[in-house]
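Each remark here refers to the structure printed beneath this line.
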Amino acid sequence: MATAVSSYNDIQLETIQEVSCSTSCSSNSTTSSSSNSPKQNKVSPGYRNKPQQQQHKKGHKMGNYLLGKTIGSGTSSKVKIGTNILTGKQYAIKITKPKRIKERKEIEREISILKRLKHDNIIQLHDAIYEDDVGRICLILELVSGGELFDYIVARGRLSEKEGRKFFRQMLCGLIYCHSNMVCHRDLKLENLLVDEDGNLKISDFGYSNIIKPGNLLSTFCGSPVYAPPEILLEKRYNGNEVDIWSMGVILYAMVTGQLPWTLTDGVQVEGMDRLLRGEFKYPSHVILSDDVKDLINRMIVAEPVERATLDEIKTHVWVNKGYDMEPDQEYNKKVSDRLEKEQQQQTPQHQQTQQQLQPQSQLQQHSPRSPKPLFVDTIIGSNRPLNQSSPNLTIPQNKQYVSSNSNINININNNNNNNSNVINNSIKPIQFNSSSCLDEKKINCSAPTSPHSISPQFISPSPSTSTTPPLSPLSVSGQRSPPTFSSNPNIGHIPNNNHNSLSSSQNNINTSGKNQYHHHHHHQNHHSTSLFHNIFKKRQSVTSVSANSSPVIVSSNGGLNNNNHNNILHVSSSNINVDGASASAPQFSSSSSKRRFSLEDIVKAITIRSGKGKNPKIRSMKGPFNSGTTTMLNPIQLIEHIEENLNSTQISYRRNFYVFDCKTLCPRNETINFEIEVCKVNGMDMYGIKFKRLSGDAWSYSSSCIKIVESLKL
């Protein structure tokens, strides 16, 4: 056991450095490089670009994303909130800096696995950015606002069997999907299960996951000791599916009892290791559990892997289906089918007719929840050098320009000579367009593969220091990653050079004559915006500009978070940047290609004007979780003063921002713990409460600190 743990000590990554926008753009001009010096940053008060330079110092830019607050960190990565400057939508950006080829392969494997998984109960990867100059790989992940299931259980003590059954069914449904796509997670634990704002579960952090090959066994020591089965702790060869089932049993035990079957003595060593290796544990005497849930836990936590319950046995268990009409995977498949049917009914008859003409009938079922599919395909400009020759799924261009393509997106090209927009499917003929604002008048030919998925150009990065790979947990990753095992995925490909598919004579005319007209009008500044702005404002048929009709939604400028959002770091909903055409400082998207270039400074100015600085935000109203120790009849001002006195007496450093306290303390092992205390109103009652949120640090030490604070407050 000790020898296995010591094998992690040979990998130590450097601290991840943050690069400002001015630094990332230094290769473009000498002006931007000179602005990075300390002397240039200290400009005089009368300097006209002072507001922009101040904004650059506050927020860092990575590709098309403004980096905000850190919401998680580990030994090899850190997770930040990132705001897309084009859409205003927020994501969780996982930043890693590999030093060795092995570490880079592990990140490649994680990206490759996330590319093939498309499920509501699995965290989604939207994009991946590789920064060649600083050696960073950034994963743009879905932002889950509810936090970890561990914190959810700590706030409630334990879950009822009904609520635990709901989460367990969702976890089981996501795991069935992973195993059906030959992926084992190998690091299932409460910290890697996230709860969204709707109370649904999502599996995250696939850093230890691997591809299952029939007949091959795995031998890597990975995962957390409390959740790892005996075969991993004894360094035996094992089957990845059986490892996940053991971890599911430990998670279910923790949900319904509020504690783990085994405890850690110093955060690493398991107390009672001999009992763990034999699969022996006891249920707490003060918790009353049904015989069905005990039987299910006893079937999953079995020392012998071959005697452990299978997924088919678990999904048909009496306790799992109690109160439900269908099994978990059947219920999910029905929900997805109903959702797709509802979306098809909402489409206009003309759009349905167009889809039937351009797509074969077999493609209507391409969103099957059990079949993997590629999410994105890359079109690389100028270079096809892969990040690592052993992986076909991650391609890093030598120059920093890229075109990222999203599946199932049609390009609408509006021609001034024809009022009716021509809907062209990219999977039929190559579409050629010119973007002088992004690629300096370089022509790009984008053609899609002969796959059943229609693909279109989506984004062209204006940043010369970043290159993007096809999208394929926003949580901290600890320890050494297991050696990657690559598997060729036929569903994930690259865009070929030529495509000879054709439809009919009328459609061929669109691709031949319309293409020349398109280039002709583009150089006369008469053509309309293409898929870049069509994808951003898809509800508009004519995407010539952004009008003031779009709903004004404010996005923060202080590192991706303003004072209003700061009260709720993880409860952030997707929003759009309001670019008002009537505002003199806001950028406008025009049909002219020369006006399509807009800078970060314009976006930041528009955000700053709309952010409403200095206004005291309203206190949030929440349903819970609350108990008698975290609720009070005191008004918010009195409660804030009471919390400040308590934090000062306990020597916990903090910084208050309206109703939120950013706290920092040290655990007994001298590890820093960052967490939040938010004052909020209890929904439907005339009383107020406090809510704790862990940002980084040891989970158990954080739980002990919260208990001490609640006890000392004496609300």
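Cβ coordinates are placed from backbone N, Cα and C, and glycine is handled just like the others.
According to Swiss-Prot:
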- 24-37: compositional bias 'Low complexity' (COMPBIAS)
- 24-65: region 'Disordered' (REGION)
- 65-320: domain 'Protein kinase' (DOMAIN)
- Ile71, Gly72, Ser73, Gly74, Thr75, Ser76, Ser77, Lys78, Val79, Lys94: ATP binding site (BINDING)
- Asp187: active site, proton acceptor (ACT_SITE)
- 335-344: compositional bias 'Basic and acidic residues' (COMPBIAS)
- 335-399: region 'Disordered' (REGION)
- 345-368: compositional bias 'Low complexity' (COMPBIAS)
- 381-399: compositional bias 'Polar residues' (COMPBIAS)
- 446-530: region 'Disordered' (REGION)
- 451-478: compositional bias 'Low complexity' (COMPBIAS)
- 487-513: compositional bias 'Low complexity' (COMPBIAS)
- 517-527: compositional bias 'Basic residues' (COMPBIAS)
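Per DSSP, the secondary structure of the compositional bias 'Basic and acidic residues' (335-344) breaks down as 10 helix, 0 strand, 0 coil. Recorded residues Ser73 (ATP binding site) and the residue listed as 'active site, proton acceptor' have their alpha carbons 17 Å apart, per Cα-Cα distance.
Set side by side, the binding-site residues Ile71, Val79 differ in how many other CB atoms lie within 10 angstroms of their CB, and the most is found at Val79. Of the residues the record lists as binding ATP, namely Ile71, Gly72, Ser73, Gly74, Thr75, Ser76, Ser77, Lys78, Val79, Lys94, the two whose Cα atoms sit farthest apart are 15 Å from each other. Local packing around the binding-site residues Ser73, Ser77 was summarised as the count of other Cβ atoms within 10 Å of each Cβ; on this measure the leading residue is Ser77.
Taking the Cβ of Thr75 (ATP binding site) as centre and 10 Å as the limit, one finds 14 other Cβ atoms among all the protein chains shown. Reported as a whole number, the C-alpha separation between Thr75 (ATP binding site) and Asp187 (active site, proton acceptor) equals 16 Å.
Within the same chain, the residues at least 6 positions away from Asp187 (active site, proton acceptor) whose Cβ sits under 8 Å from its Cβ are Asp205, Gly207, Tyr208, Ser209, Cys222, Gly223, Ser224, Tyr227, Ser247, listed in sequence order.
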